């Protein structure tokens with residue numbers, strides 16, 4: 001017999017002075033015959049082992065959050081792509097891209113003797129750029145442009161090694177979250193496609209399609225824009241993933257739907273403006289009208305629609321291509337300035353406001369750099385800085401979108 005107000009094992013639970021519910025036996029108010037509940041130890045042991053096994057299996061195959069070093073890996077790869085874009089711009093501006101007429105997946109053989117250099121130079125002499133443009137080039141001048149293209153290709157292969165080797169290790173040791181697995185596969189496809197597109201672009205400048213005396217051997221502006229566009233998309237994926245892992249957003253403010261929409265539009269416009277710049281580069285359109293704000297003596301040149309059909313002017317008429325790039329650049333600066341003004345009046349977190357400020361400030365710097373490049377007839381240093389500036393501007397736009405996309409919308 002036990003007092004209802006006190007159960008020695010704690011199983012009984014007192015509801016009121018006269019009634020107790022328990023896993024033992026409930027009798028009269030003053031009587032309680034205590035009895036331990038039946039426990040199937042075999043069943044509990046089996047269930048416990050099963051739960052432990054399930055938990056272990058879940059821990060092995062599922063990663064909720066990526067380790068920080070995965071984020072640094074993404075960031076490092078994005079930095080390497082940034083350097084590749086800058087190096088590619090210099091290679092194009094120095095007209096070095098067609099110096100290597102062969103492409104091998106694992107790399108071309110490096111000439112080490114004078115005879116090997118002469119053989120390489122002889123290969124180059126068989127193609128249109130030498131015959132129509134560089135017929136007086138010496139072997140020493142050839143070596144310089146060859147080294148530029150070699151550096152660009154070698155750096156691209158270094159990016160491949162820096163991405164694929166760690167990726168395989170992280171994947172096999174299950175360090176990736178589900179999101180990172182998907183994004184790493186997308187980056188793999190983009191990186192492989194970028195290498196193939198690079199050679200496909202170079203090949204267009206080696207073809208015998210330059211028949212007219214006025215033709216200038218150059219790569220296709222469409223393939224050049226595709227090559228640069230893939231680099232920008234790859235860079236965006238890498239940088240966005242590094243921000244997701246290394247700089248998680250703290251929900252400390254709100255953002256208007258209008259601001260989010262404008263920020264997304266601005267990011268897209270930055271990308272499109274950069275792609276229009278690729279067409280400027282591909283057609284040497286920066287040398288057509290070297291004045292600002294007017295193009296020559298007029299605001300709209302007379303030859304802006306001289307090609308037929310009319311829509312072909314957008315990508316094939318150097319005058320139209322430069323005009324479009326000007327308009328898109330001014331539009332981008334205007335939208336980014338509007339974003340800055342809106343951010344001052346909103347309840348954005350400090351980091352989002354900082355991103356908006358940096359984005360607007362650098363947009364003006366980028367426009368100034370572009371105008372300077374135009375007025376000085378496209379020197380290599382300014383033109384390369386302008387191309388790198390477009391990727392910097394995209395980086396800041398990606399940062400701003402990262403900071404606001406998860407905030408509550410009002």
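Using N, Cα and C of the backbone, Cβ positions are placed for all residues, glycine too.
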Correct range for transmembrane segment (source TrEMBL, candidates 118-143, 222-247): 222-247
Matching range for TrEMBL feature annotation, transmembrane segment, among 185-202, 203-220, 293-310: 185-202
Spatial neighbours of the transmembrane segment (69-90) far in sequence, C-beta under 8 Å, 6+ residues away: 148, 151-152, 155-156, 158-159, 162-163, 166, 170, 175-176, 180, 187, 227-228, 231-232, 234-235, 238-239, 241-242, 244-246, 281, 380, 383-384, 387-388, 391
Recorded stretch, among 154-173, 185-202, 222-247, 384-401, maximising Cβ pairs under 8 Å relative to the transmembrane segment (259-283): 384-401
Distant-in-sequence neighbours of the transmembrane segment (354-378), which means Cβ under 8 A and at least six residues beyond its ends: 93, 266, 286-287, 290-292, 329-330, 332-333, 336-337, 339-340, 343, 348, 385-386, 389-390, 392-393, 396-397, 399-400, 403
Closest-packing stretch to the transmembrane segment (384-401), where packing means Cβ pairs under 8 Å, from 154-173, 185-202, 222-247: 222-247
